[in-house]
Amino acid sequence: MSRQVTRLLGSLRHSGGGCSGSSKVCSLTSLVQSRSFGTTPPPPAAVFVDKNTRVICQGITGKNGTFHTEQAIEYGTKMVAGVTPKKGGTEHLGLPVFNTVAEAKAETKANASVIYVPAPFAAAAIMEGLAAELDLIVCITEGIPQHDMVRVKAALNSQSKTRLIGPNCPGIIKPGECKIGIMPGYIHKPGKIGIVSRSGTLTYEAVFQTTAVGLGQSTCVGIGGDPFNGTNFVDCLEKFFVDPQTEGIVLIGEIGGTAEEDAAALIKENGTDKPVVAFIAGLTAPPGRRMGHAGAIVSGGKGTAQDKIKSLRDAGVKVVESPAKIGAAMFELFQERGLLK
C-alpha cells in the first residue's frame, strides 16, 4: 500500500495544478504580475472559495506566512497583498505589503484573508479582519488562548458579513482553483466529494483516498479542533447540500462537543440524496483526557465517539470504523446509487 501511495503522490506532484515546485517553470514574479487588482470585489463562491477569491495574508513577512503564501501563489490562488504592521509600502514575494487589513482591502478589493500570526496576537488579527468586513477569514494559528476566542466568537455572532474558518485548522481548498492554508495542494484532484473535518491529517487521508478511487474533491474544509471555532459541520453541510459540484460528502469528526450530533440532526431533518460517509476519531479515548486538540475531550459523560456514531447512523450516514475505509465506502455508495460516470 505504501508503494501505491508513493506512486500516486509522485504522479500527482508532477501533473497537479499550479507550477511545478521543483522545476519552477513559472516564477513567482510572473504569477504575481499576471494578477490585476480589479475595481470590484469578486462574486460569492458556492462553498466559501473559488478561482475568483482574492486573498491577503496577515503575517506575510514571517517564516510561515512567507512559505505558505509562496505555495499558494504557485498553486494558482489569487494572493493580492500582505499585511504586516510597520512594513506598509514595501513588497514581499512580489506582493504589496500594507500596515492594516482595511488598507489592503481598499487597494486590492480583497475579500478573504489567511492568518499566520503568533497565537498571542492572532485574535487581534481576526478582529481586524472582522472590522474590515472581509467575506472570509481563515486562521491557521494553533494555541490561541480560549478567553481570546470567546471575545472573537462574541464578535462573530454580532455580525453576519464575515465568516471565520478555524483557528487551529489546515484551511480550505477548492482543488485546481484556490488553496488557502497549509494543506499539500498536489494530493488534491478536482472532483465530486465535499470534505469537512475537525482533523487536518485525517483530511489529507480522505483526500488521498477519494483521489485514489477517482472521485476527487469539490471543496475541502478543515474547521479545526478547538472548542471555539468560526465554522462548524452544519455550516459546511448546508453549502454542500446545494452545491451542484458536490455529489458526495465526507465528514470527519472526533470526540468532544456536539458538532457531529448537530450535523446528524441536520441530515436527518433536511434529508439529502447525496451519499454521506463519516469517520469519528477517538473510539477508545478515556473520559476526561484531552486527545490532541483542545476540543477533543469527553467530559460529563457527553461527547463520546459512540454517541456521535449512533447519531450519524440514525441519520442514514455510512460510518466507517477505520479512516482507511473512507474512500472505498464512498465508492461503494456511488456504485450502489448509479452515480459513477
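The backbone N, Cα and C atoms fix where each Cβ goes, glycine too.
Summarising the annotation, Swiss-Prot assigns active site, tele-phosphohistidine intermediate to HIS293.
The CoA binding site feature in Swiss-Prot is assigned to THR61, GLY62, LYS63, ASN64, LYS87, ILE140, THR141, GLU142. LYS87 (CoA binding site) falls outside any helix or strand according to DSSP and counts as coil.
Within the same chain, the residues at least 6 positions away from TYR204 (substrate binding site) whose Cβ sits under 8 Å from its Cβ are PRO170, MET183, PRO184, ILE187, listed in sequence order. The substrate binding site annotation in Swiss-Prot covers TYR204.
For 1-37, the entry in Swiss-Prot reads transit peptide.
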Taking residues THR61, GLY62, LYS63, ASN64, LYS87, ILE140, THR141, GLU142, which bind CoA in the record, the widest Cα spacing (Å, whole number): 24
